[in-house]
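Shown next, in structure tokens, is the structure this report addresses.
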Amino acid sequence: MANVVVVGAQWGDEGKGKIVDWLSERADVIARFQGGHNAGHTLVIDGTVYKLHALPSGVVRGGKLSVIGNGVVLDPWHLVAEIETVRAQGVEITPETLMIAENTPLILPIHGELDRAREEAASKGTKIGTTGRGIGPAYEDKVGRRSVRVADLADDATLEARVDRALQHHDPLRRGLGIEAVDRDGLIAQLKEIAPAILTYAAPVWKVLNEKRKAGHRILFEGAQGALLDIDFGTYPFVTSSNVIAGQAATGVGIGPGAIDYVLGIVKAYTTRVGEGPFPTELDDADGQRLGERGHEFGTTTGRKRRCGWFDAALVRQTCATSGVNGIALTKLDVLDGFETLKICVGYDLDGKVLDYLPTAADQQGRCAPIYEEMDGWSESTEGARSWADLPGNAVKYVRRIEELIQCPVALLSTSPERDDTILVTDPFAD
């Protein structure tokens with residue numbers, strides 16, 4: 001049985017939620033392998049809208065095992081609230097349908113406070129544009145070996161020692177930012193109170209997944225955000241604090257890289273970005289406004305308006321390489337309906353030199369001017385198309401040109417938020 005990794009191939013918000021939901025019907029296990037509740041998935045199922053941030057998309061599908069892996073940083077209070085929200089929508093969540101890796105680091109209130117204080121203190125041009133939910137500081141504590149992890153909640157002495165170690169680092173930082181010292185006893189009390197609700201789902205995920213794999217179960221690895229926000233290969237420092245590319249799927253749940261059979265990159269038919277950082281094809285004109293309005297480009301987590309621009313084939317070709325993408329799912333093609341002319345970025349002009357990739361140096365990224373190729377648009381509607389025959393000729397040409405430029409085939413084509421409005425070209429789960 002094939003196992004599939006789903007990764008965003010742009011700056012996030014590519015429509016991963018719908019694609020993961022579409023694929024999860026045939027998966028046995030759906031595993032989140034990185035990120036926190038700073039990323040959101042919106043699923044539309046039989047007219048019901050589910051907005052998920054911490055929970056894997058598979059929870060809304062009965063009979064599946066959903067997993068939160070060790071590569072995730074988890075806000076336990078947010079998770080409990082999100083579980084209650086989806087339960088109120090009729091979704092059943094039990095220890096048989098949801099597991100949390102015992103070695104998953106927790107996001108504490110002190111992480112969010114530090115995150116927000118840093119953003120407020122940052123001068124113009126140095127703000128990252130975080131969601132303020134503590135994801136970055138939580139990953140810092142993980143690397144600094146001072147995290148409170150899920151397993152630590154089971155023993156009071158261990159929990160108190162972990163908190164004390166974290167506060168040795170945080171209290172001096174807080175003083176420097178003008179924040180009062182942490183209420184140690186209050187924080188420990190909060191953690192002890194939430195512990196039973198989290199420990200109910202705690203499990204040795206690495207062991208469970210390896211057993212599932214040996215038994216021939218299909219595993220769907222669900223990434224958050226997008227490869228251009230990867231801590232190593234994204235537009236640093238305007239990135240997230242974890243590895244987002246497909247290689248993280250193995251590390252983030254504790255399964256070997258040989259378990260990955262297919263990497264599906266999710267790609268929007270145009271480009272969007274939330275927060276600060278370079279964006280070569282960004283449009284500040286009527287076309288950009290039109291893309292944002294037609295695509296409903298507002299963040300699931302923050303409600304922030306997304307920056308919009310033309311499709312950047314050079315960037316997507318780059319992310320397909322760093323994630324080893326076998327095929328892409330192209331989403332939101334219907335947003336382009338009615339544009340007379342479409343543009344695709346095929347490379348960059350950097351001080352008179354033509355590049356076919358975005359350079360690493362931040363100053364060079366800011367000076368890269370897009371080199372565009374123009375294509376005729378289409379006036380007909382593509383919304384709800386479920387076969388190639390339903391698409392206008394120019395829409396098919398646009399998709400084919402994208403395939404040529406990014407050097408990767410289209411495996412799936414999405415033409416609306418509804419899960420069934422999908423054209424299947426190549427089955428990622430095919431053995």
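Just so it is clear, glycine is given a Cβ too, placed from its N, Cα and C backbone atoms.
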Quiz item: If Swiss-Prot gives Asp13, Glu14, Gly15, Lys16, Asn38, Ala39, Gly40, His41, Thr131, Arg145, Thr240, Arg304 as binding IMP, which of Gln89, Gln168, Gln225 does it give for that site as well?
Solution: Gln225
Practice problem: Please name the residue among the binding-site residues Gly15, Gly40, Gly303 whose C-beta has the most neighbouring C-beta atoms within 10 angstroms. | Solution: Gly15
Self-check item: Spatial separation of Asp13 (IMP binding site) from His41 (active site, proton donor) - C-alpha basis, Å
Solution: 8
Self-check item: Euclidean distance between Cα atoms of Thr131 (IMP binding site) and Gly303 (substrate binding site), Å
Solution: 10
Exercise. Measuring CA to CA, name the entry from the binding-site residues Asp13, Gly40, Gln225, Arg304 that ends up nearest Leu333 (GTP binding site).
Key: Asp13
Exercise. Just report the maximum Cα pair distance in Å for the recorded IMP binders Asp13, Glu14, Gly15, Lys16, Asn38, Ala39, Gly40, His41, Thr131, Arg145, Gln225, Thr240, Arg304, no decimals.
Key: 34
Quiz item: Could you state the CA-to-CA distance between Asn38 (IMP binding site) and Arg306 (substrate binding site) to the nearest Å?
Solution: 15
Quiz item: In terms of DSSP three-state secondary structure, what is the assignment for Thr42 (GTP binding site)?
Solution: strand
